[in-house]
Amino acid sequence: MIPFLLRRLVQSIPTLLLASVLIFFVIQLAPGDFLTPARLNPGISPEQLENLSRNFGLDRPVWEQYLRWMGNMLQGDFGLSFQYQQPVLDVVWPRIKNSMWLVLLSTLLFYAIAIPIGVYGAIRQNSLGDKSINVVLYFLLGFPSFFLALIVIYFILLARDATGLDIPVGGMTSNNYDALSAPGRVWDVLKHLIIPAVVLAVSDAAGLTRVIRGQMLEVMRSDYVRTARAKGVSERSVIWKHTFRNGILPIVAGIGGLLPAAISGAGFMEVVFAYPGVTPMLLTAIGTQDLYLIAGFNVITTILLIIGNAISDLLLAVVDPRVKVA
Amino acid sequence: MTITAPTKAPRARGQSQFSVAWSQFRKNRLAQIGGVFLILLYLMAIFGPFLAPDGLSTYSTTNITRFHPPTPIQFRDPETGAFTRPFVYQYGQELNLDTFVNEYRPTDTRCPIYFGVRGDEYRLLGLIPGNIHLFGTGQESPDCNVYLMGGEALGRDLFTRIMYASQISLTIGVGAVLISTVIGLLMGAMAAFFGGIVDTLIMRLVEVLSAIPGLFLLIMLRSVFPQDINPIFALYMILGLLALISWGGLARVTRGQLLSVRELDFVSAAQALGAGNSRIMIRHMLPTMTTYVIVGLSLGIPAAILGESGLSFLGIGAVEPYVSWGSLLAQAQEGGFSSITQRPWVLIPGFFIVFTVMAFQLLGDGLRDAFDPRKRS
């Protein structure tokens, strides 16, 4: 296990380096340099500018600037966000945590929705239930997630006006959050998280459900499933042990690839539900040309993604004994 | 006893892959419905300026009609009950002193609707000038307006805006997928053909592009351009960005396919006949990708349309005065959540997105099945 993780780590270094080069040079393409927006900002003193300019070696050739930027990052210094007047990491980290909660919860729900429905569709192929689920999923595939979210908000607001229930839409905490006890706080955040997470999970699950159904159907026709049935293995075991475990292999292999999509998808939910995650912050950063923030953040997500990919490889080895991790 | 003379069976003619696929496609009713809807949608986009009663950004600066509600078209005279020329009531605004919300109420003034009325000038396809609109209230009474689907934030007619937005929403996605297909094929072919360092570089680039979440990559690329860019340039930019981040998958597949095809007999035969490298590449090897590319195009376009609408929704896509369905939807967010319930009609553009994407998906699934030998019946 550990040698495998080490090997993955070593393999991911070139990708990470290239990604950082790409990010750096894209940012370099912007008119002016890192400090142009800062020079226009009266809140930053000339000494500070001088200091920053020296720190990042803006008078040096481009490749040397890149090395310095990279070197600073290795020491955990992602630069200064001009908009917030704080180190990038301090600005970004709490928001990444917020976004992670949303992504985690919606990913859990995503599988909790997609797997049972996909398996049901395969077992009862062409039944009325299967057909109606298929039609609904086909509709869902065409819905942009933000549009689905807007519709859900519309109906929740109608329901709220009609019943007077306090269903939270938007934000991450209630106004009285600071006054709540610890379990009360968890419950409060969860209440705010659940609606965006469900909307995101449902809008993404349509695709996966169809894949699972297709995979299950394919495996069900194979010889070893027929053999298992002939031997009198219980139906439950045939479906979950023989068929399901083989059917989901390509899906497990793709978990790592799903992560970028899940993070991007969560971005739309954050914007629609005014959730304090990373995407709303990045969108304001475009407006203020807060380039360090954007570049530093992109590097951090790339690292997180590479970790995610390694986890998905590990999972694949757990599900499929034929894949050796060592 | 009768002997039936053997009827002379028509000689079976070899069928090309396309004629087989076409005959399969003809059997798939759903895919055909998708195709017909798409043709209608594109016709709607082309003749949008004619169908719309107003111009792209016509609004009154004196009589501001923010989020004007839809005006139902009346066909009967309310007093006599007889059929009359269709008309809408003119709406008046009044500030509700309890809620401080502007409320619209129909007044007694009637705005008759004329067909083939002259109005704002436009150019169909950018070429054919015209000023005739399918319907409208004419120019005699400037305060008279028909709002088929309500008004938007500046009081412009939402239906008109949707018609104009369809031109952008329907072209950017298609354009982006076409460009990314060309890039993907070229890059994949180059990687397979040159091998070595070029191969490594291109494949690493593909890996890096897929390692950064798409939305954030787009946000980063957008941040390179200044905030107040030329609106036309913004459209090209968004098209280019969408194409730039989505060619990776195709490049990977092309490389794999070409590497395996390179070893096949027909390539050696072409080489033996003295064909040049570029000829072998273009005439012999790349055509083996045709099916994959057709299916990939038809399934990639809906994804690109969704992508464009998402970016425009976030405000990094189409900018004023141009609109796309996504940027129209962004207005649903204006003024906080609670205002959606007062103006549900701002959600209408979203249904156009759903409808278009569904039509493309039906067509794409149909094409995929038509080219798939395992699904033939």
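Any Cβ shown, glycine's included, is placed from N, Cα and C.
Here is what TrEMBL records for this protein:
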type	residues	note
TRANSMEM	A:12-30	transmembrane segment
DOMAIN	A:96-316	domain 'ABC transmembrane type-1'
TRANSMEM	A:100-123	transmembrane segment
TRANSMEM	A:135-157	transmembrane segment
TRANSMEM	A:193-212	transmembrane segment
TRANSMEM	A:248-275	transmembrane segment
TRANSMEM	A:295-319	transmembrane segment
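Sequence-distant residue pairs (6 or more apart) of the transmembrane segment (A:295-319) and the transmembrane segment (A:12-30) include at least 3 whose Cβ atoms are under 8 Å, placing the two stretches in contact. Taking every recorded stretch in A:12-30, A:100-123, A:248-275 and counting its Cβ pairs under 8 Å to the transmembrane segment (A:135-157), the highest total belongs to A:248-275. Tertiary neighbourhood of the transmembrane segment (A:248-275): same-chain residues 98-99, 102-103, 106-107, 110, 115, 144-146, 149-150, 153, 169-172, 192, 195-197, 199-200, 203-204, 208, 211-212, 215, 283, 301, 305, 308-313, 315-316, 319-320, selected by CB-CB distance under 8 Å and a gap of 6+ residues from either end.
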